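K.L.:
Sharing a structure below in structure tokens format, with a few things to ask.
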Amino acid sequence: MASSLSTVTRHKLQKESELRVEVGWESSIRLQVIDGTAEIFGTELPPQFKLTFTAGLKFAIFTWDGATVEIEGSAEAYVADETPMVSYVNVHAILEQRRVRARDAAASTTTTLPSTMNADAALQPQGPRVIVVGPSDSGKSSLTRMLLGWAARQDWKPTFVDLDIGQGSVTIPGTLAATPIEMPIDPVEGIPLEVPLVYFYGHVNPSANTDSYRALVKELARMLEIQFAANAEARAAGMVINTMGWVEGVGFELLLHGIESFNADVILVLGQEKLYSMLRDKFKTKPGVDIVKLHKSGGVVARSSKFRQRMRNVKTREYFYGLSNDLSPHAASVNFTDVQVFRIGGGPQAPRSALPIGAEPTADPTRVVPVTISHDLLHSVLAVSYAAEPDQLLTSNVAGFIYVTEIDIARKRLSYVAPCPGPLPNNLLLAGSLLWVE
Ligand SMILES: Nc1ncnc2c1ncn2[C@@H]1O[C@H](COP(=O)(O)OP(=O)(O)OP(=O)(O)O)[C@@H](O)[C@H]1O
């Protein structure tokens, strides 16, 4: 039975049960494990230590052997003893065997090859490449976290790939990203930002420009392939890929494109029979791809579009201000001539003169188009690209993001806020449809 908590409440959890918590929007809560052991999405909680969970968060504290958990503050919370966790951890055990096999095989390849010879990258021993798929609110991100967390607890550094542009769990929404996970993901702080490879798609809706989305997925996969070829440890640990909840029509095509681009060999399907059978049909002639159907947890909470919008704002705010307002973003301004802003898509594909008579030029969705700086850019989130030339902007990764706070047309100056001081690392900026108002 759900209870509304406003003060301190203790919950005794039996083995293999979980406490499902929804923090209210009014304030954060403090939570600690009083005795026993418990984890949040694969990350073990430190005993006797108060952790703060911010307003709006929804999560489960799971225990394998039993625990007592105390919550201070206002939250909806209830205990559930029916969870799919055992099936999830069984998947982890199989992935673990594959990682060990890849590591052992890599070790014997290096000892048997002459030192001057490199094994063909495609033939090198390879750990599991897992892709988690399912409709919206099926628990994909949570399962991804668990699999990464359990692997990291066994000293692997698996690569987390996030293709879900709606949430932006690595940096901000509207991005695709990959990062090695060296330790279980902190349930409060999230993913550390040290070495992520981030690409800016610029929209939270994949249908805004599916061609550019595909181009970015391909490029991210290509970059990881290069990294894996040079790093046997990362290759053996493999990757866990989180996807978006769009699984019908073009969404399904994009899923297939993701699976093929990353050469995924384990597809975990959460909570939808139809998607499972469509994938099984697609891959029945392809040996070496395992498709596994898993139950969705009864704890997964459906989130409205308003809630998602709110969480996106929280995520963007966190990027600039830190989780608990502990970062001081840096306000600065530049002359219009100091920066060049572009967007992807638009503009004619070919000049009318080059087209057959009567044909209308269509917009090229992957074309890099210059943007004239105007009031239209006010409140935009812009990516600072690593591209050396504008024509590389489509597939270059990004250094970070700024948001535009003022456009002074008379003085031709653009004011912005960046997460750190100092000049921008590049003057090539990329705009999408992402806006943010403090
Ligand atoms: N067992 C659980 N108990 C309580 N809350 C949960 C549980 N599992 C997941 N949640 C919460 O439910 C929400 C949806 O889960 P999650 O983000 O994993 O789904 P998703 O399939 O990745 O969603 P989408 O792709 O639509 O964004 C999240 O807020 C998550 O923290």
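Glycine too: its Cβ is placed from the backbone N, Cα and C atoms.
Annotation source TrEMBL lists domain 'Clp1 N-terminal' at 12-102. Annotation comment: TrEMBL describes E18, K58, D137, S138, G139, K140, S141, S142 as ATP binding site. The feature domain 'Clp1 P-loop' is assigned by TrEMBL to 134-322. Under the heading domain 'Clp1 C-terminal', TrEMBL lists 327-438.
Provide an account of the burial state, proximal residues and distances for the features listed.
P.N.:
Residue counts for the domain 'Clp1 N-terminal' (12-102) by DSSP state, with H, G and I taken as helix and E and B as strand, are 18 helix, 43 strand, 30 coil.
Every protein chain considered, the tally of other Cβ atoms within 10 Å of the Cβ of D137 (ATP binding site) stands at 16. In the three-state DSSP assignment, the secondary structure recorded for D137 (ATP binding site) is coil.
Across the domain 'Clp1 C-terminal' (327-438), DSSP assigns 15 helix, 48 strand, 49 coil.
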K.L.:
Looking only at the domain 'Clp1 P-loop' (134-322), what is the model's average confidence as pLDDT?
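P.N.:
Looking only at the domain 'Clp1 P-loop' (134-322), pLDDT averages out to 91.
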K.L.:
Among the binding-site residues listed here (S138, S141, S142), identify the one with the smallest other-Cβ count within 10 Å.
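P.N.:
Among the binding-site residues S138, S141, S142, the sparsest Cβ neighbourhood within 10 Å belongs to S141.
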